[in-house]
2 protein chains.
Amino acid sequence: MMDAARERDRADPLREYRDRFALPDGVIYLDGNSLGALPKATAERMAGVVRGEWGEGLIRSWNPGENGGADWIGLPRRVGGRIARLVGAAPDTVVAADSTSVNLFKLIAAALAMRPGRKVVLSEPGNFPTDLYMIAGLEAQGLAERRLAPRDRLADALDGDVALLLLTHVHYKTGEVFDMAALTRAAHDAGALVLWDLSHSAGAIPVGLDASGADFAVGCGYKYLNGGPGAPAFAYVAQRHHAALEQPLTGWMGHAAPFAFSDDYAPAPGVGRLLCGTPPVLALAALEVGVDLVAEIGIDRLAAKSRALSEFFRDCLDGLGVALELASPADPMQRGSQLSFRHRQAYAICQALIARGVIGDFRDPDILRFGFAPAYVSFEDAARAARHLAEVLETGEWQREEFRERAAVT
Amino acid sequence: MMDAARERDRADPLREYRDRFALPDGVIYLDGNSLGALPKATAERMAGVVRGEWGEGLIRSWNPGENGGADWIGLPRRVGGRIARLVGAAPDTVVAADSTSVNLFKLIAAALAMRPGRKVVLSEPGNFPTDLYMIAGLEAQGLAERRLAPRDRLADALDGDVALLLLTHVHYKTGEVFDMAALTRAAHDAGALVLWDLSHSAGAIPVGLDASGADFAVGCGYKYLNGGPGAPAFAYVAQRHHAALEQPLTGWMGHAAPFAFSDDYAPAPGVGRLLCGTPPVLALAALEVGVDLVAEIGIDRLAAKSRALSEFFRDCLDGLGVALELASPADPMQRGSQLSFRHRQAYAICQALIARGVIGDFRDPDILRFGFAPAYVSFEDAARAARHLAEVLETGEWQREEFRERAAVT
């Protein structure tokens, strides 16, 4: 098993990229789907932004320019444009700003405003909680009505009251991938708009936002884009909606002329009107490095290696005689960059693995989740992780008291 | 003038703190009211957060704990608690999160929900634009009605339709300070709630949120709190409103049990329900350092030195025969930590000063603004800046072509 793993690593066209990340000794990191690892270049870039752009440049760094201006004001559009290429979108259709949650609010509200007379926002139970909660926020305002239907009943639930279909492209628990083009078409046929949450897709698998006809999308900067803990998120609006787009978080950075300091709001042209407050410069600079590294490696190569890794991990488990219930689709083309298993003791098993230096994660109530971020996870990592998992189950060490106590963040 | 300045600096009890900031050579920085300078400790802290907490700790850093957990999940409340002490608020009434704009939206909406039957949000024309624009966002949703009245007419405008009075405590252009306690009382007498924007107060002058009876407040992290460009903002809710507080940005971090991954939203107790998306860890860590430094120096000493500095600057200008129209109150107790002057050529004069290394700023259409951030501005800085200003006006060098071309960010 180990020999096979090393053989695969030697043949891996992405093997050189592992060294571009700062990975701790003694850790096998299978949680890049929750927090991407640190690109080494980010540490340098952050030092430069802090000491150079902020410390030396001070307020002058907001402007672009020959005199060393760092163009902070351009960061949300610039980083957005780079993310756009990773999700199949035209460059001027994406901004990097705020959190995924806040961007969901903007775009759910924008969709409702575009479909007067319709109030239903349709999603599935078990979608990532913040997606469901942000609909609830608009529901409490009296502006939306939340409707949940299981995946196999979504088509039936798409009636004439639905303003927006809001789905997460790759499910956070199972990794199952929705057919973006087909569901977008179904929603459009019902007169509804579609908003895709790409938090577990962007940087992991190819996404064709423009090609699928999607209306809106949001996504996370701190998972496969390696933007750092709590990195800014992104938001996409299809070009055809730019002129009509109205969103309620009408902050000064989304104004057509923020520095005219007018009393009255006038939206910036295009996707710029999605901006709200002052851009989080330090965080955007870190995100930019992560996004650039993903772009350099290339989404197709990342997706191919990720599938190979997760299949290899399953083969290793089979070889070790580990029979766990797979919660992810068995077909690697039907899942994102993760493998999830169901086990009643998932939490304790996860903790026992962490104690051995194998970091995956647990999702309530019974999901044991392993992410195979292909930019820095090796086949040897996968083989070793499989062996640790086999040993944890075999020895029953997960039964120890210390592995049952729930942490604040799981 | 220079001798007097050096004399004042020698007697300044805060003189040692200047060395705690990284200030560029050849620059007199009078723009801390727009972007606070870099605390030297921030550069070190950021390197530690990036390489240690993120790079080494990875996902484990979300949790507190003996095993080196960095307690990222606690950052919004922890940093909020430290800001609370700077603005006269109980520690569990403030969170650090999102941007000032986004926090305005949450709290304007929360106030409207608490005053059913009233839709008017009252403010003054010329308030900082984002405050006015965020009211406009709720107006476009059909939930609010914006009403603007000049300062001397606010009392008359406080009728039975007003749900919320939203004012900026220290005006961004003139530095004029509102009487927080009196206006809060007037609003309450009319049955309205009050939301104070402390962007130009927090870290600059004493603020008594709890004592004044204020209901809500927001403020900026990147000005006098020295949190870095686009730092997270803060939001305050008086203890008595915690139980009833409902805000529409109901993201997963404001949930009572985010890691239970329930489909249904249930607000966290207290001010925690103001949280929305995943906390921006890198930015919050930088803000924490800035806030701690301000707390160490102490608000009363900062305010006293700031007043002395701005008065000294005016004396210098007088001594140099510079007669500029003062846009700020002449009484230093009536203004924040800045001095503003009106001049039709304010933009070009500002640019000419920047070319000489004196960084103040311009606010459309005619305001020349100098901030006296007392933690790192010296009396010698003030004297030199006054001399440069006198020379720029005397020589007319501001008339050069290069000083008239508007930058993207002014």
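Keep in mind that glycine also has a Cβ here, set from the backbone N, Cα and C atoms.
Note that TrEMBL annotation is computational and uncurated.
According to TrEMBL, the protein carries these features:
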- A:THR100, A:SER101, A:PHE128, A:PRO129, A:THR130, A:ASP131, A:THR168, A:ASP197, A:HIS200, A:TYR222, A:TRP252, A:THR278: pyridoxal 5'-phosphate binding site (BINDING)
- A:LYS223: N6-(pyridoxal phosphate)lysine (MOD_RES)
Inset, instruction - Compute the C-alpha separation of A:PHE128 (pyridoxal 5'-phosphate binding site) from A:LYS223 (N6-(pyridoxal phosphate)lysine), stating it in Å without decimals. - result: 14
Legend entry - Neighbouring binding-site residues, C-alpha within 10 angstroms of A:LYS223 (N6-(pyridoxal phosphate)lysine) - of A:THR100, A:THR130, A:THR168, A:HIS200: A:HIS200
Legend entry - Under 8 Å by Cβ from A:THR130 (pyridoxal 5'-phosphate binding site), same chain, sequence gap 6 or more: A:THR100, A:SER101, A:LEU104
Inset, instruction - Using all protein chains shown, find which of the binding-site residues A:THR100, A:THR168 scores highest when you count other CB atoms within 10 A of its CB. - result: A:THR100
Inset, instruction - With a CB cutoff of 8 A to chain B, go through the binding-site residues A:THR100, A:THR130, A:THR168, A:HIS200, A:TRP252 and name the hits, or write none. - result: A:THR100, A:THR130, A:TRP252
Inset, instruction - Count the Cβ atoms, other than its own, that fall within 10 Å of the Cβ of A:LYS223 (N6-(pyridoxal phosphate)lysine), considering every protein chain shown. - result: 27
Inset, instruction - Starting from each candidate's C-beta and looking 10 angstroms out, tell me which of the binding-site residues A:PHE128, A:TRP252 has the most other C-beta atoms. - result: A:TRP252
Inset, instruction - Let me know how many other Cβ atoms fall within 10 Å of the Cβ of A:HIS200 (pyridoxal 5'-phosphate binding site). - result: 28
Legend entry - Three-class DSSP secondary structure - A:THR100 (pyridoxal 5'-phosphate binding site): helix
